[in-house]
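So the structure is just underneath, and the comments pick up after that.
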Amino acid sequence: MSGRGKQGGKARAKAKTRSSRAGLQFPVGRVHRLLRKGNYAERVGAGAPVYLAAVLEYLTAEILELAGNAARDNKKTRIIPRHLQLAIRNDEELNKLLGRVTIAQGGVLPNIQAVLLPKKTESHHKAKGK
């Protein structure tokens, strides 16, 4: 018999993605490909796409968590752009990070200037004192 075929030798191990090795949901392989194709640097290290995918996954999870809370507060089960806007603008750090970002169909935060609110009159308090 020739040395070809699958009879002898070791069976090849099942392929394991770099995302699963890193314990991530975001695709490490795709991030690596995009880093190489994007002309950001001549060479890309093996750890760079793992780190970047982890950062992107963390930020996404953080925003979705807050947006889910905003949706629940509005008695909705589906996250819409308005919920994303409320989540980002009410969080100090995310608002700083995404300060120059416009979210389509996001609306604005409800805000009434203090000077526009009706003034409390003193006559109402004096009537109670007598």
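Positions of Cβ are set from backbone N, Cα and C atoms, glycine also.
According to Swiss-Prot, the feature compositional bias 'Basic residues' maps to 7-19.
Sequence-distant contacts (6 or more apart, same chain, Cβ under 8 Å) of Lys14 (ubiquitin cross-link) do not exist in this structure. Residues or ranges marked as ubiquitin cross-link by Swiss-Prot: Lys14 (among others).
Here Swiss-Prot flags Lys16 (among others) as ubiquitin cross-link. A simple way to gauge crowding: the CB of Lys16 (ubiquitin cross-link) has 8 other CB atoms within 10 angstroms, across all the protein chains here.
Taking Cβ-Cβ distances under 8 Å and a sequence gap of 6 or more within the same chain, Lys120 (ubiquitin cross-link) has no neighbours at all. Under the heading ubiquitin cross-link, Swiss-Prot lists Lys120 (among others).
The phosphoserine annotation in Swiss-Prot covers Ser2.
What Swiss-Prot lists as citrulline is Arg4, and the listing cites similarity to another entry.
Taken from Swiss-Prot, the feature symmetric dimethylarginine covers Arg4, and the record attributes it to similarity to another entry.
Annotation source Swiss-Prot lists N6-(2-hydroxyisobutyryl)lysine at Lys6 (among others).
Residues or ranges marked as N6-acetyllysine by Swiss-Prot on the basis of similarity to another entry: Lys6.
Here Swiss-Prot flags Lys37 (among others) as N6-crotonyllysine. DSSP gives Lys37 (N6-crotonyllysine) a helix state. Counting only same-chain residues at least 6 apart in sequence, none has a Cβ under 8 Å from the Cβ of Lys37 (N6-crotonyllysine).
Cβ neighbour count for Lys96 (N6-succinyllysine): 8 (other Cβ atoms within 10 Å of its Cβ, all protein chains included). In the three-state DSSP classification, Lys96 (N6-succinyllysine) falls within a helix. Taken from Swiss-Prot, the feature N6-succinyllysine applies to Lys96 (among others), supported by similarity to another entry.
The N6-glutaryllysine annotation in Swiss-Prot covers Lys96 (among others) and rests on similarity to another entry.
Here Swiss-Prot flags Lys96 (among others) as N6-(2-hydroxyisobutyryl)lysine, drawing on similarity to another entry.
Among the features that Swiss-Prot reports, N6-crotonyllysine is placed at Lys120 (among others), with the record citing similarity to another entry. Secondary structure at Lys120 (ubiquitin cross-link), taken from DSSP and collapsed to helix, strand or coil, is coil.
As annotated by Swiss-Prot, N6-glutaryllysine applies to Lys120 (among others), with the evidence given as similarity to another entry.
Residues or ranges marked as phosphothreonine in Swiss-Prot: Thr121. Taking the Cβ of Thr121 (phosphothreonine) as reference, no residue of its chain lies under 8 Å away while being at least six apart in sequence.
Residue counts for the compositional bias 'Basic residues' (7-19) under DSSP, helix first, then strand, then coil, are 2 helix, 0 strand, 11 coil. Distance from the CA of Lys16 (ubiquitin cross-link) to the CA of Lys96 (N6-succinyllysine) is 38 Å.
Listed as Cβ neighbours of the compositional bias 'Basic residues' (7-19) (distance under 8 Å, sequence separation of 6 or more from its ends, same chain) are residues 1, 25-29, 32, 49-50, 53.
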